[in-house]
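If you look up TrEMBL, you'll see 1-27 marked as signal peptide. The annotation domain 'Ig-like' is assigned in TrEMBL to 125-234, 245-328, 347-409, 416-501. Per TrEMBL, transmembrane segment is recorded for 515-537. Residues or ranges marked as region 'Disordered' in TrEMBL: 549-570. Taken from TrEMBL, the feature compositional bias 'Basic and acidic residues' covers 556-570.
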């Protein structure tokens, strides 16, 4: 509202210092400004035509005025009073709008715009409110860890440079934390800087944690008032390490307890579910009542089958809290009888056994010369083909790397045995004599011929397989001959002979000659018969020709007689 000066006072000075009466219709006007911005205050009075000048002032807490700006309506000049806090910060426009740059908390005052004529003084008050947004709240002095069932300071939430002061709120997993005796203690403090007049708010939180707080985020916020109303700013989340005692102990066996075999190293690992986990444990081995103090691991090297049993571990300070694991050290024994290199005679009997002793059922495979056998070998009467390299192999399928094998190299020896056979060529001109030999080691074969006859080719031998092979020779004897086959190895020398008769060849030759003569005579007789038949055929053909000629002569004579008869009639 505007005010009018008393009628008795005509001087401008009197008007300025007199108490003005606000005119109806003008009330309090508030300008909100952010800290550091420019405060703009319009003069809410219509400029009168007879205006002499305009002035701005502010009021001290005791109500006394402080003039800060003057503008003449005639000279269009602006004068700023010597007020240190507003030096170089003021600007008064032609319409008497006052601007104050770089708003400060100290600018929160009641300012008055005064327009002066010769008769009146018009006033319009403006209240300035300055707001400063606080800094983003931050959780500081955080506890390195929290312990369950213990009330402990979690940290402090701090927000700085606020005006007016704000309020701090704590949250657990997004839900507001309210003070609770013995569990949640919140202490709020605020402090104002005497120079900037800005507030710093601090809130400390003491909290009694539980295991439910593991990985739970804690945050805080500051709520403050700004030019546009109430606002809230949140801090970053903070997650705290929660310490809690061990409630359960577990034991691990490395490698897996289902795959431990003799010669392995076993590592026992004991774990407690507390935080931080226990660093030392007591380990109890089978048959040993006293525990062995160690870190959370204990290693046994090169274990044997007698290490099978129950293993336990416990806390050092709480032996009743234990964990156990049953361990089986798997083993596999194989005994092959006989084994190694064994030499036997053909026809001998040889019992073979492969005995298995294992911690569980094992598979057994027999191989001969790298070929899998359908069943285990058994020899009641040895043959040469039974010789070879036999392997008995066994394994535990569930335990990797646990397998055994033994081998038997069987050698079957025998003295040379000879059988001779004879085969005559279809032409009858040669004979093939074969000497079949059986024996081991391989016998050497030698031929001897007694009598005369030509050897068509040299001896030829077959491959030596399963102790057998043969040698053959082709001969065309001119007289009765004897062929002798000699087979010899390290065990014995064996000789066998076969007589071959030359008459058989001659008879064959005579028979063939007779056959050829017969064929020739037969061909000559056939040619003679064919000649006789041809002669008879030719003779018969000539007689038939004469009769035909005679018939033709008679026909000519008859024709001539008929012609003469026709002539006579005419």
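For all residues, glycine too, the Cβ spot is worked out from N, Cα and C.
Whatever TrEMBL says is automated annotation, not expert-curated.
The helix, strand and coil residue counts that DSSP assigns across the domain 'Ig-like' (125-234) are 3 helix, 70 strand, 37 coil. In the predicted structure, the domain 'Ig-like' (416-501) carries a mean pLDDT of 86. Across the domain 'Ig-like' (245-328), the DSSP tally of helix, strand and coil residues reads 6 helix, 39 strand, 39 coil. Assigned with DSSP, the residues of the domain 'Ig-like' (416-501) fall into helix, strand and coil as follows: 0 helix, 62 strand, 24 coil.
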